[in-house]
Amino acid sequence: MEKVIIPDPGHGGEDRANQGPTGYIEADGVLDIGLRLKELLIKEGYPIKMTREKDETVALYDRAQMANRWQGRLFISLHTNAGTETSNGIETFYTLNNEWQNQQHHQEAKRAAEILQRNLVEATGLRDRGIKTRLVDNATSPIHGKDYYAVIRRSNMPAILVEMGFHSNPREEALLKTPAFRQKLAEALLKGMKEVYPLKKQNIVEKQNIKLNIHGMPSQVEGIFYENKNYVPVTFLRELGYKVTGHGTNVEIEYRKEQ
């Protein structure tokens, strides 16, 4: 089974304080983006889990614990940013030094951050603030030098946190309030995800001539080759003199030639 992608819509429940000047609520906006992303990923065939799918309180450590229990491939925390009313753009943070000090987590998270950041910027036209890391800089802290964001630091996998525009900026808040823009963000994330983790294409060849040898009788029939197996229609056996009856999923074949 393939490892799951884990979208993590930030905030929610009791944590609804982050709002824009005209009523946008980050907790609701990123949940909507996350649910849209979930639908897109499922349609493409990606296995996914979400840390929340409704307006509820989920503690930061609980989010990481859930992800670790699911043994995710990538943890992607969804947020919108806050600053001054002129702050603008998109930025993505990624694993540098988590609690597992796994260099592969860092490398994969950085690659994912680069690709998703590029796709978000291209899709929206918003300012590219780049990809970043942030560490705890308090020298007296027991986690000094570790990743600042708890969901990144405590996730035992590559993890990123995307800030998809500033809800404190009236122009970007107006965009975030529209379903069309939130759909655009979800589609950009999907496009990036398909580049980061492309699904394996099924090895299918339609209408291929497959050579058979049945009881010493050479034959050739049109079939398909799928997942390293040959599939042929049973009806071709009639041409060899066998009795084939039934249809659909209920077929009987008599293992003898008709007299």
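From the backbone N, Cα and C atoms, a Cβ is placed for every residue, glycine too.
Annotated in TrEMBL:
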type: REGION; residues: 1-22; note: region 'Disordered'
type: COMPBIAS; residues: 1-17; note: compositional bias 'Basic and acidic residues'
type: DOMAIN; residues: 64-194; note: domain 'MurNAc-LAA'
Using DSSP, how many residues in the compositional bias 'Basic and acidic residues' (1-17) fall into helix, strand and coil?
0 helix, 7 strand, 10 coil
Within the domain 'MurNAc-LAA' (64-194) only, compute the mean pLDDT.
98
DSSP residue counts for the domain 'MurNAc-LAA' (64-194), split into helix, strand and coil:
56 helix, 28 strand, 47 coil
